[in-house]
Amino acid sequence: MEGTAESQTPDLRDVEGKVGRKIPEGLLRGLRGECELGTSGDVLLPGAPSTGHGLGDKIMALRMELAYLRAIDVKILQQLVTLNEGIEAVRWLLEERGTLTSHCSSLTSSQYSLTGGSPGRSRRGSWDSLPDTSSTDRLDSVSIGSFLDTVTPRELDEQGLPGPSCPEIDWAKVIPTEDRARTEVDMTSTKLGSLTATWKLPGDGLQCGPPEPSEDGNANQGFEAHWYWGQCQDDVTFL
């Protein structure tokens, strides 16, 4: 039996000579066991222990499997490290892009707020910030005569109250020469008419005394004053 097993074992001397090392006994025993299993016609059950393998062979097989698993673990770890580096690179790119996008959006929003919402109005932004002068134009269009009309009644009411005398206006500079002469003649005739109405001769039985103003004279004076004021107002408006 032993002779048949040794004869079926392959000759490994050439391999030992080329490698320079002796073939391990475990490998030889494994080869011998395979040969015995191939020659014997006995069928072993899956759970039954093999007769040709000892405890040392099982330990060696377990060590080889552990080394193989460790090599696989090392490869998996290397792949995981490479994958982690790629993920970190992509994450950094996304963060930088988000930062640049937010910065650009903030700059764009500030530019739009300064330009008033449209790039075309950027050149006119300074002009839009200037105050509106339309109100001053409206004030300039108001005539001086209407302004005097609003101020005159209040001033006339205040003339009856005691207070400092108002400065007199040099009407000679305001009223033209012809109108001024006509106004003086009319006022002189009005005064003469009032004096004629109040003063009478001594033969009429009336005592001479200071003239008393009549109602007609007061009405005429009021009319003349009103006409005089209207003429002045027209002249000022014309100027």
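Quick reminder: no glycine exception, Cβ is built from N, Cα and C everywhere.
Features of the protein shown, as given by Swiss-Prot:
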type     : residues : note
REPEAT   : 55-83    : repeat 'LRR 1'
REPEAT   : 93-114   : repeat 'LRR 2'
REGION   : 105-138  : region 'Disordered'
COMPBIAS : 105-116  : compositional bias 'Low complexity'
MOD_RES  : Ser118   : phosphoserine
MOD_RES  : Ser126   : phosphoserine
MOD_RES  : Ser129   : phosphoserine
* Asked: Averaged over the whole of the repeat 'LRR 1' (55-83), what is the pLDDT?
  -> 88
* Quick one: DSSP breakdown of the repeat 'LRR 1' (55-83) into helix, strand and coil? -> 29 helix, 0 strand, 0 coil
